[in-house]
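Participant: Take this structure first; my questions come after.
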Amino acid sequence: MEVLTTIAAVREFVAGARKRGQSIGLVPTMGYLHEGHLTLARTAREQNDVVIMSIFVNPTQFGPGEDLERYPRDLERDKRLAAAAGVDAIFAPSVEEMYPSGYATYVQVEGLSDVLCGASRPGHFRGVATVVSKLFNIVQPDRAYFGLKDYQQAVIIKRLVRDLNFPVEIITVPTVREQDGLAMSSRNKYLSPEERRSALSLYRALQLGTRLIVEGERNAAVVREAMTREILSYPDTRIDYVAVNDAATLEPLDAIRGRVLLAVAVWVGGTRLIDNMIVEVKDDVAHHDEK
Ligand SMILES: Nc1ncnc2c1ncn2[C@@H]1O[C@H](COP(=O)(O)OP(=O)(O)OP(=O)(O)O)[C@@H](O)[C@H]1O
Ligand SMILES: CC(C)(CO)[C@@H](O)C(=O)[O-]
Ligand code: BAL
């Protein structure tokens, strides 16, 4: 596996693959790899001749006072895990390589970026859309892989690709969970043993919301309240948002219908965690949808 740190080196690597007629899959990450990232990599491995994984803790998507400096990093471990998952090249640029002095261009996906995590983290999705646009231009992949744990991010990137005519297919991958249901996240590393127990509140609340809808509840406020109570029944939890929204527009629902996004963002101690589930209500029959 190659480790590339410059844009020029990636362009050369990609040009070689293209000359051989090979297809290219891109897996964008911020590193500190876990099974979620590795599932994206293995899916890319199955579907492409060449797999490139980017590892870049992107400063433009972190707000002031967020965990940019503290974000876990371990490139040596990441290299071993990525190679074992079949990644052909890692692109691990420096901040200066991506944002040289005088950098001034940003990409804003309007509307979708202003709700949910976008409301709590102003500027976050502008940073995500900018760095993902740059990665698409640098690598020019056939396909790019994103996890549904970051559901809003996946919706925003699909809109970005459509609106700016990027010739790349976006593939989404279901959330990979720990045995007890906690969504895997690099930020789980921040949790103390007590906080790790309270972190399960996100999954439990989503399960409860899903069950209520499957059992026939159609009032979104009732579902939101039940999920909120569930989360707050765990020690040291503070709610950022509990949402029962339209899965396509991301707008809040009053009556539950169609494809519904149940999404939560919760502070567990000093760590902000997110998770979501999709419930499909068709002809008034509801089922949990993992896709
Ligand atoms: N549990 C998971 N299951 C599936 N995909 C995941 C999971 N966790 C992260 N991903 C995906 O991996 C890609 C890189 O995510 P990222 O590096 O931010 O990891 P992360 O663990 O989500 O970090 P954090 O939770 O700290 O933001 C994104 O497309 C993200 O949706
Ligand atoms: C897509 C991404 C790699 C852009 O920095 C990041 O937001 C992430 O890891 O989900
Ligand atoms: N997985 C989203 C990256 C972030 O929280 O900044």
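The backbone N, Cα and C atoms fix where each Cβ goes, glycine too.
If you look up TrEMBL, you'll see HIS37 marked as active site, proton donor. Here TrEMBL flags 30-37, 147-150, VAL176, 184-187 as ATP binding site. Per TrEMBL, the feature (R)-pantoate binding site maps to GLN61, GLN153. Marked as beta-alanine binding site by TrEMBL: GLN61.
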Participant: Going by DSSP, give the three-state secondary structure for GLN153 ((R)-pantoate binding site).
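Facilitator: The three-state answer is helix.
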Participant: What residues, ordered by sequence, lie under 8 A Cβ-to-Cβ from SER186 (ATP binding site) and sit at least six positions away in the same chain?
Facilitator: MET30, GLY31, TYR32, HIS34, TYR71, PRO72
Participant: Out of GLN61, GLN153, give me whichever of these binding-site residues has the highest number of other Cβ atoms within 10 Å.
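Facilitator: Answer by Cβ density within 10 Å: GLN153.
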Participant: Express the distance between the Cα positions of GLN61 ((R)-pantoate binding site) and GLY36 (ATP binding site) as a whole number of Å.
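Facilitator: For GLN61 ((R)-pantoate binding site) versus GLY36 (ATP binding site), the Cα atoms are 20 Å apart.
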Participant: In terms of DSSP three-state secondary structure, what is the assignment for MET30 (ATP binding site)?
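Facilitator: DSSP call for MET30 (ATP binding site): coil, neither helix nor strand.
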Participant: With an 8 Å cut-off on Cβ-Cβ distance and a minimum sequence separation of at least 6, pull the same-chain contacts of LEU33 (ATP binding site), or say none.
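Facilitator: The answer is ARG77, ASP78, LEU81, ALA82.
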Participant: Got a sec? Which of LEU33, GLY36, HIS37, LEU148, VAL176, SER186, the recorded positions, have CB under 6 Å of any ligand 3 atom?
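Facilitator: Among LEU33, GLY36, HIS37, LEU148, VAL176, SER186, near ligand 3: none.
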Participant: Taking ligand 2 as the reference and 6 angstroms as the Cβ limit (strictly under), which binding-site residues among MET30, LEU33, GLY36, SER186 are close?
Facilitator: MET30
